[in-house]
Each structure stands twice: as C-alpha cells, then as structure tokens.
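Reading through the structure tokens given below for one structure.
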Amino acid sequence: MNDPYRQDPALLRGMTQRRLGRRDAFRLAGLSAAGLALAACGVQGKGTARPSSSAQAQSEVEKFWSGKTKNGHVDFANWPLYMDPKQPELKQFTQQTGITVNYKEVILEMPSWFAKIQPQLAAGQSIDYDLMVVTNGLHFQRLVQLGYLAPLDHSKLPNFAANAAPEYKQESFDPGNVYSIPWASGITGIAYNPKYVDTPPTSMADLWNPKYKGKVGMMSDSQEIANFGLFAIGVDPDKSTEADWEKAAAKLQEQRDAGIVRKYYDQAYTDPLAKGDIWLTMAWSGDVFQKNVSDGTDLKFVVPQEGGTIWTDNMTIPKTATNPVDAIMLMDFFYDVNVAAHLAEYINYVTPVPAAKDVIAADAAKATGDDKKLLEEVASSPLVFPSEQDSARLRNYVNGKTPEEQKKFESIFQAITTS
Amino acid sequence: MSRLRAALTPYLLLFPGTLWLAIFFVVPTVVMLSLSLQSGDVVNGYAFTFNWHSYVDGISTYHDQIVRSLVYGLVSTVIQIVIGFPVAYWIAFKGGTRKSIYLFLLLLPFLVSFVLRTISWQFFLSDNGLLLGPLKSLGLVPQDFHILATSAAVIGGLAYNFLPFMILPMYVALERIDPRVLEAAQDLYASKAQTFLRVVLPLSLPGVFAGVLMTFVPATSDYVNASVLGGTSNTMIGNVIQNQFLVNQDYPTASALSFTLMALLLVGIFAYAKALGTEDVLEVAAR
C-alpha cells in the first residue's frame, strides 16, 4: 500500500489534467503548427546552368559516370507505337549483353510526363526508369535547365559516333548531344479516315471546315496546337511573336467555339479515328502507318500545304537513374545500322541512321509478297526519309527563349485545351 | 497504476484512428491549403506568399466548369434516386430469400475497374459503334447523331458508375423497417399509397441521404467520365484540377480550385441535411 498515486490522488489529477485546459493548449499548438506548416510546404525548384566550357562538361561527365557499373537490367520509358509490340530489338539486346529490359509505354504526352516525374527528380529520387524518350521542346529544355538529365559519356557511344546523320549531331536544342541522342524524328500533320472524308484534306483550312463539325481531333499539347494555329493564320512558327501567338490562339478558340473540335487528344487519337468518332485529326506520321499495319485499317496521312511540324524524340538518362551504364549501352545499341533499320521498318518514323535505308532496301529485295510491298514502301517513304522539298515545309516547335516567354506561351495555348 | 492505465485507455484506443486521420487527412489538407496560397513556377519553385489571387483567378476562369460540375452531379444524383429507389425497394420487400443474390448481382459489374467500365461505354456508344452503327444503317437516327461528347453521355456515365453507392444505403434503410409498423398502418386502415408515403418513405429518407452523400460528392468531383465520354464542352472541374496538377503543374490554382469545390460541397451537404432535419438524418445515416 505504498503506491504514491494511491496516497495522493491530487497528484495524479495534477499530472493528467492541466490547469490550462488541454483543449486550449491543443488549440494554441495547432494554430502555430498550422502556420508553420503552411509556410513550410513550399515546392522546390532549382536552376542549373548548362556547362559553359567543354572542360566543365567533361568533368561533369566524369563526376556522373565514375564508379557506375553494369547491373544487368534497365527500365525503359517510351511512347506507345514506338516499337514492334513483340520487341524483337530488345530481345536481341538481351541476348547480346545479358541485360534484361523492362519496356513500358508510359509516355503519352510531354507535359503530363514531365509533371509526373518532376517532383521525384526535384527530390533527387529515382523515377524507376533509367532511360526515357523525351521530345525536343519546352519540357526538354526544362529538364536540362533543372539539371535533371545525366550528361552522356560519348566514349560509351561508338555506334552513335559512327552511324548517326550529321544533322542529328548538332541539334539546336542540345548541341553536341550533351544530354540526349535521338530515338526518331517525326512529323505532325493531318490524318484522316477515307471512309468518311471524300476529298483528301490538303490544308489547315480542312481542320476548320464546318462540314466536319464535331469530327475533328486536335492535340492537347500546347506546342503542337500552337504550331497548327500559327500555320492556319499564315505565320511561320520559327518567326512568330507574342502577338502572333494571341492571334493563333484566337483562331483555335474559334474552331473550338464553332463545335468543330470533338476533343483534344494526347496519343489516344488513333482508335477514335479508326472507329469513325473523328474523321480527321492532327496526327504523328508513324502512328497512322503502324495502326494500318497492326489493325488493317486504311487511314491516310498528309502534310498540309502550309507546313507541318518536325520534332525529334530523344533518348535521355535521368540523373537519378539506378542503371545508367545499362541504359547507355541500350542507347548505343539502337545506333547499330541493322537495329535502326528494323526499328524504322516497323515504326515508320524518321530514323537518325541514314545507312538504314540500304538495309531496308536489301530486306525488301529479299522479301516476298505483302512484306516486300511494305518494305519497299518504307524505303521510299517520304515520312521515313523526308525529301529536301518536304523538309523545307517543316518547322520546329515554338520555344520561348526566356522562362517568362515560355510561361506566357503556355498560358495562351493551355487556355484553349483546358477550359 | 491501474487508474493511470484506465485514464489512458481511450487515448490508446483512439491512437490508430487519430494517426490515420493525421497522416491521410490533416497533413494533405494542410499541404493543399499551403499550396493554394503559394506563388511561383515549377522551374524556380513555389513559395508561401498568402497569394489569394489563385482563388480569385481560379474561380473567375473556371466558374463555368464549377457550375457545370454541380449541375452534372445533381442531375446524375436525381437520376440515381429515381432508378435506385425502386430497385432498393423491390430487393428489400420482394427479394425474399434471394436478397443476397440480387445484391451480389447488383455489385457484380463493379468488380471490374471503374475506368475500364467507362471505356467500354465509350466503345459501346461510339458514333458508329455497337449501338449507333445499326441504328444509323437502318436510318432510325440521322448520320451526324452522336451520344459521346454530349452532356447526356457524361451524366449517364456518372449515374451508372455511382448507382450501387446510392442503392445500398437505401436498401439498408428500407430493409430495417419493421414489418410490424407496416401491419400497424394496415390495421389503421391506411391505403397502400398512404402506407408508402407516410410510413415507408419517411423511414427510408436517412438511406436516401446517405446515398446522396456517397454519390453526389464523388460525382461532382469526378473527372474520368468527362474525359472518357465527354467532349470539349463537357469539361468538369475535376478535369481542370487534374490538368492543373498533373499537366500544367500549376499547383496553386489546382489547390485553390480543390478547396473551393470542397467548400461548395460542404455548404450544399449541410443545407441539404438542414432541410431534412440534421440530427436525425446524420445520426441514422451513420448507423
């Protein structure tokens, strides 16, 4: 019976029941904590400059790659319709190197992909992918500006050095291929379903034709629709100014308000086009070809007379990748002439390896029947090997020079697709 | 010692629940509130600045979508009551021994993912799809008729996707009604219609209220139906919020819109509860 609590119940009361009401204390603590918490929830961002000298670039490369070794696995994030679903190239790669590849078609649109990975990259965490294919444009610039991409060690890219076309070694968006080497280029033009569209579209005006009310698909990516809006008002995107952007946006808004646009799509426009929910749509050149091959559809693709958009999708390694050595080996593997040729045969996008043309032609000579026809088509396709005449009509994405300009650009065009 | 333990017991029992709420409700809410008052951009980061403009700008830019979402949510909820009540009534009073089978059948489609079911509706309702294709070739509907990309498609999708959450609480309320109460009504010479209107209906209201809570709120903030079944003029506020968060990375506007929506829904629910008699309804709905 020497229990002190029993002897003095007041002590227990004193210990457990505060004079200052518990609720008051909680309230006070809660309020101040809420205030602190509100201020502490800022979102990080950070700007790092592109290496200014080659010596600096070299030391960045060494810093990143030293101590990195081959792990036998690579996680690869790519866009849909960018490889034969049976993935013969990856199987060949695994056979040659013993490196297994986890290939995921998770990128449908640049803005949403960037928004998805940005928080992890800002926190310095792995995004679970070692290799990702990023389109040149605002978000590529942003990845570079924010220092999220690993500098490439070109001593590990012998095939690229030997086989890449010269123009792909001096891209304006990444001179010297510090952070990226191309996967493929492509053209944004107009795709249509001849079952519903009698007169083949030839110009941007067809996308504004009230005849196709509710049957036109446009893209939701602001850089994509911006170029089409600019072509439609007769302005060269390369030379466009902020005033032009406003005018192009007004033109696009007019198309939307007239009920001509059925929907703004990411890459999901091919199915509705094949089903007839939309009759003509903005489209990427190779998608239409692949859809025709895989589903037996008869969709057509044209580059409008005003022009089309040319873009390049690039293989990049995020700085937080866990298997960068395996990733860079895979990057170089796609610059093997035969691999590049087989890839181009299937995806029908512009290959950065010019020597692939001969391989495709040789394959066509060997093949028979339908395959032969298909391969001959690929080898002579202006979409895989654009002629100079076509190239003259193609333009790049509009890239605002300063972050303020970029922000302005995005807000002008996002207003159309998001409202 | 034992008294101390006794005093602590309720707190210990509450601890897991409190922790859960703290981690999954309080923290995200505080973070969102903070985000909604920040300014900046992704490249330079966002900082807390009491930026009330995100509310003003958000609401003035997207009031159409907010109003549209509330209307869609409301209409789909009414449709669900109209469809769901007879179903719940029938299962509760006429289901007999097969009640659980009927309930299982009701839930069966919902073992398939929400998005997948919505996409199959898209497939089914497509302009030349399983439904409209034959109708068009028979000339029963005009060639340019379409269901997708209309308000009707989105509201229909919402009503379809949330229906079981309306039926189940109504069923529970109806099932609870003591048969003796109905017999009493009969003994007092009430007609069938009178019994229904003055006995069954009032007793089922808590179930309806619970159903409305469980469907109106998610339907109003839903974005899947509008993005899969809708077109350019059916965008709901959920799509805008999703877009601002996950595409444009405009976190302040997205958070401000989320809070605005939350406030509107809370006001709506409390007004509704008041109209039905708050305490009664909330208490019974919580059973």
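Including glycine, each Cβ sits where the backbone N, Cα and C put it.
Look at TrEMBL and you will find B:66-272 tagged as domain 'ABC transmembrane type-1'.
Look at TrEMBL and you will find B:12-35 (among others) tagged as transmembrane segment.
Here the transmembrane segment (B:70-91) has Cβ contacts under 8 Å with residues 99, 102-103, 106, 151, 154-156, 158-159, 162-163, 166-168, 170-171, 174, 200, 204, 207-208, 211-212, 215-217, 219-220, 226, 236, 264, 268 of the same chain, all six or more residues outside its ends. The transmembrane segment feature in TrEMBL is assigned to B:70-91 (among others).
Taken from TrEMBL, the feature transmembrane segment applies to B:103-125 (among others). Listed as Cβ neighbours of the transmembrane segment (B:103-125) (distance under 8 Å, sequence separation of 6 or more from its ends, same chain) are residues 87, 91, 131-132, 147-148, 153, 156-157, 160-161, 164, 167-168, 171, 224-225, 228-229.
Per TrEMBL, the feature transmembrane segment maps to B:145-174 (among others).
Long-range contacts of the transmembrane segment (B:195-217) within the same chain, counting only residues at least 6 positions beyond its ends with a Cβ under 8 Å from a Cβ of the stretch, are 73-74, 76-77, 80-81, 84-85, 88-89, 162-163, 165-174, 176-177, 181-182, 185-186, 265, 268-269, 272-273, 276, 280-281, 284-285, 287. Here TrEMBL flags B:195-217 (among others) as transmembrane segment.
Residues or ranges marked as transmembrane segment in TrEMBL: B:254-273 (among others).
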State the residues, same chain only, that lie 6 or more residues beyond the ends of the transmembrane segment (B:145-174) and have a CB under 8 A from a CB inside it; answer 'none' if no residue qualifies.
72-73, 75-77, 79-81, 83-85, 87-89, 91-93, 103, 106-107, 110, 114, 117-118, 121-122, 125-127, 131-132, 136, 200, 203-208, 210-212, 214-215, 218-219, 222, 224-226, 228-232, 234, 236, 284-285
